[in-house]
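*Asks:* The transmembrane segment annotation in TrEMBL covers 6-30, 37-58, 64-84, 96-113, 133-154, 175-195, 201-219, 226-245, 251-269.
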C-alpha cells in the first residue's frame, strides 16, 4: 500500500500535465486532420526545439524565460507563414512547406548542438522529453494555459470550424480568414512551446495525431470527447508502465498510443 501511495504521489504531476496536453491536442488534432496538414505539429515542435537549442548556444539556461521567448518567436513566425500559405494553397502545397520547415529546423538544431557541450544529450532530451520528472509548478502552468486555450477555442469554435471546413466558401474577407488561421496556428504553437521541453517532439506529435485518428476511426459523433479520453488513458497507462518498468516515459506513452491506433484500425476495418 505504501509503495502504491508513493507511486501515485510521484506520478501525480506528470499525470496532470499529460491529461492537460492530451485534452488540448485532441481538439487541435481533429482540426489538423480535417485541414489535411498532419505534420504541422511536428514542424512547430521542431521550431520550438530549434529555439531552445539556439537559446542554449547564446548562453541562456535550459527552460529559462529567454529560451521560451526564442522558441515562441520561431513558432509564431511559423504560424504566420502557415496561415499565409493557406491563402495560396493552389500555388504552393502547404504540406510540402511544412516538411521543408521541419527538415531545415531539425538540421539547424543538429548543427547548433554539434558545437555545444552535451549537445547530443540536449537533442535527445528535446526529442524524448522528461515528463516523468516534471514539477508541480510546470504541470500547473501547462494545465492553466491549456484551459485558457481550450476556452478561447470553444468560444470561437464556429469561426474556427468554418475556417477548418472550407475557408474559401466563407462570406468573410480573405484577410479575416488569414487572422483566424493565425489564431489557430499561434494557439497551437503556444501549446507546442510549453509541451516540447517537457514531453518531447515525438510525444507531442503522437498526442496531436493518434487520439484524433482513433476517434475518427471509431465514431462519427463526439469525436473530441473520445479522442481526449483515449489520449488521457494512454498517457496514464504509459506513465504507470514507465514507472513500474523503469522505462522512458515519452517512449512508453507513444508505444501505448501506437497500440491504441492499431486496435482502433482493426476494430474499424472489422465493422465493414
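Heads up, the Cβ atoms here are built off N, Cα and C, so glycines get one too.
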*Asks:* To the transmembrane segment (37-58), which of 64-84, 96-113, 201-219, 226-245 is linked by the most Cβ pairs under 8 Å?
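*Replies:* Against the transmembrane segment (37-58), the leading stretch is 64-84.
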*Asks:* Taking a Cβ cut-off under 8 Å, which residues six or more beyond the ends of the transmembrane segment (226-245) line up next to it in the same chain?
*Replies:* 7, 10-11, 14-15, 18-19, 21-23, 25-27, 29-30, 131-132, 207, 210-212, 214-215, 218-219, 252-257, 260
*Asks:* With pairs restricted to those 6 or more apart in sequence, evaluate whether the transmembrane segment (175-195) and the transmembrane segment (6-30) have 3+ C-beta pairs under 8 Å.
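*Replies:* Output yes: the transmembrane segment (175-195) sits against the transmembrane segment (6-30).
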